[in-house]
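Report on the structure given below.
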Amino acid sequence: MWQLGLPWALALLVTAAGSGPSAEPPDPASIFADLTPAELRAVRTFLMERPELGLSPSRGGPLAKNSLFLVELLPPKKRWALRFLEHGGARPRREARAVIFFGAQAEPNVTELAVGPLPRPSSYRHLPFKGGRAVPFWARPMTRLEYELLHEALVAALAPLEPLLREATGFGFQNCSERCLTFSDIAPRGLGPGERRTWLVIQRFVEGFFLHPAGLEVLLDHRDPDPRRWAVRRLWYNGRYFGSVRELAESHARGALPLARLPEPPARHLFSSYEPRGRFSSGTPTEVHGAKVCEPQGRRYRLRGNRLEYGGWSLAFRLRSSAGLQLFDVRFGGERVAYELSVQEAIAFYGGHSPAAMQTKYMDAGWAMGASSYELARGVDCPETAAFLDAHHLLDADGPVRFPRAICVFELPTGVPLRRHFDSDFQGGFHFYAGLEGRALVLRTTSTVYNYDYIWDFLLYPNGVLETKVHATGYIHATFYTPEGRRYGSRVHSHLLGNIHTHLVHYKVDLDVAGSGNSFETMDIRFENISNPWSAGARVSGDQGRVGQEPPAPRLTPPLPRGRYHLAVTRRHENEPSSSSIYTQNNPWDPPVTFESFIRDNETIEDQDLVAWVTVGFLHVPHAEDIPNTATPGNAVGFFLRPFNFFSEDPSVASRAPVIVRPLDPPACSRLQIQRWTPASPGPCVDPEPFTYNGTYRQV
């Protein structure tokens, strides 16, 4: 039995009764490996040469064109993968998922194709969504080309406001080479299906521009594929709405507009920068390096391609361009415990007084959070000892793009023993001391989705526990301060409102415990008061655990909208690979993937191939200490997979890292036997002295 442990509940899943020539065959894990640059290029070349598709390059040209937006691995069907992994069946056909924007036709749309076989593709087929749902062209994700056109349209439309902007902010849009204004766009892009009109937050382009709103928000309609038909539909400035650019400009010209004058940003020590400022009161040094992670006898894990092994653990991993880290074939002690564990979606719902703030409901798969995996800094984002891997994405580009050091792997001292016990003799000595150092292997990447940075971790512990964790950091999504905005957040700087918001992250957990046929149980704990069987008239109170095969309906989460659950368990279906999609952000009203349909089909979940869909999250009320960035302590959530009567004992007993100390002359304890199965000293990177122990506690 393996336990899916959440901070608020206990849930159990229990068992019921690309390759070329090489000297060695490829690792079986490679069936889940991301596409290589050569494979990405091969898919693009094949599709670009198909005359019936009529594809144009992604860069340049009009929006009303057919273009290739995304290419990534299309994982094999589970039954084919298991046939290969467990029964020596044929290696699954390697295929790519390709997303094409068909904008140059009578009914523009977005279509997904399966392309293969790789590494030399020769055919493609349509990839339908569940229920045959289509993706309209207006629901497509944004591209670099559309952003460039959006900027041009905004600059042209706001030309009459240049005097206002220069006077109020000292920055502008027109003929700008320095002291420029920029913008951040929010989503959803409208209030209903078919719309593509976006509120743009105007900001001063300085370091950390997310914290420098100018007080102006602009609603720009860009649904038409022809940018010449785009138009500003509404404006908000310093708490007031305006129906047109002309109305706002004339109000300023008449002197009837209260200007929000911003102070000149300093040349140094800008509040939104990372430059050190101030001093700690203790005076302890910060100009020297702090504690570091080291590997005194080398790495204790093995990394081969996309195969990762550590202690009893073995797994395959990949970094999807669309949604990020995905684990496959997760095993402990050679036995599979999960077929897939993956990030599905990250959502942030905001409240606010300004139109941009009240409209913001970010769904980060729609911003390709997996392809926002920028370089990890050695010694900051990951320890210096970490192994780093590059990622390659073909997203909104005319070829593969290399993201160096996008993933890191490292062993982490947890700072707390995995297990320990001091067995006192209660006479100033002890019978024995034993402890096992706390270590975990970390697989990490990040997603910088514009202002926010998510740090994604999977942690493997030697006792068979797997932890999934995400930290939120980066810049808060902030808007211009008005007194009315105080209802929706905190004033974090002179002209800055930190808007209240809720972070939600969705995971897919396809547990296969002793096979694919699993059932779902919950354990409820209740207080009982019974008669004492060995003392007449006395009562005994305590907790009683009860496991039930028939789970209650999923509990609604109080701070979440109706129909959103911390945990939902469904039958696994090949046409339900993900709980969200890259199209949900721009079409949340009728998305092609609707998670509610997964749990409303009334299927039995007893002795079936099950998937647990887990939601974790937290409420963030921004405060002054979020300047310049939100800090990771207190802003992390996750869950655990824990064995529950699956092993006969703690599997970490196989580790050779414990220390056992026994006195040879109790109770004096002057001579000790120290047992270690590792070198006496870990080496000079920690402390050159060998391990010692005393264990006595005598009066002095």
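Each residue's number is its place along the chain shown, starting with 1.
Glycine is no exception: its Cβ is also placed from the backbone N, Cα and C atoms.
Nobody curates TrEMBL annotations by hand; they come from automatic prediction.
Residues annotated as active site, proton acceptor in TrEMBL: D364. Other Cβ atoms within 10 Å of the Cβ of D364 (active site, proton acceptor) number 25 in total over all chains.
Positions annotated as active site, schiff-base intermediate with substrate by TrEMBL: Y452.
Per TrEMBL, the feature compositional bias 'Pro residues' maps to 551-561.
Annotated domain 'Copper amine oxidase N2-terminal' per TrEMBL: 39-123, in sequence order. Assigned with DSSP, the residues of the domain 'Copper amine oxidase N2-terminal' (39-123) fall into helix, strand and coil as follows: 20 helix, 27 strand, 38 coil.
Positions annotated as domain 'Copper amine oxidase N3-terminal' by TrEMBL: 140-240.
Per TrEMBL, domain 'Copper amine oxidase catalytic' is recorded for 292-529 (among others).
The domain 'Copper amine oxidase catalytic' feature in TrEMBL is assigned to 564-652 (among others). Across the domain 'Copper amine oxidase catalytic' (564-652), mean pLDDT in this model comes to 93.
What TrEMBL lists as 2',4',5'-topaquinone is Y452. Counting every protein chain shown, the Cβ of Y452 (active site, schiff-base intermediate with substrate) has 24 other Cβ atoms within 10 Å.
Marked as region 'Disordered' by TrEMBL: 538-562.
Residues or ranges marked as signal peptide by TrEMBL: 1-18.
For the pair Y452 (active site, schiff-base intermediate with substrate) and D364 (active site, proton acceptor), the Cα-Cα distance reads 10 Å.
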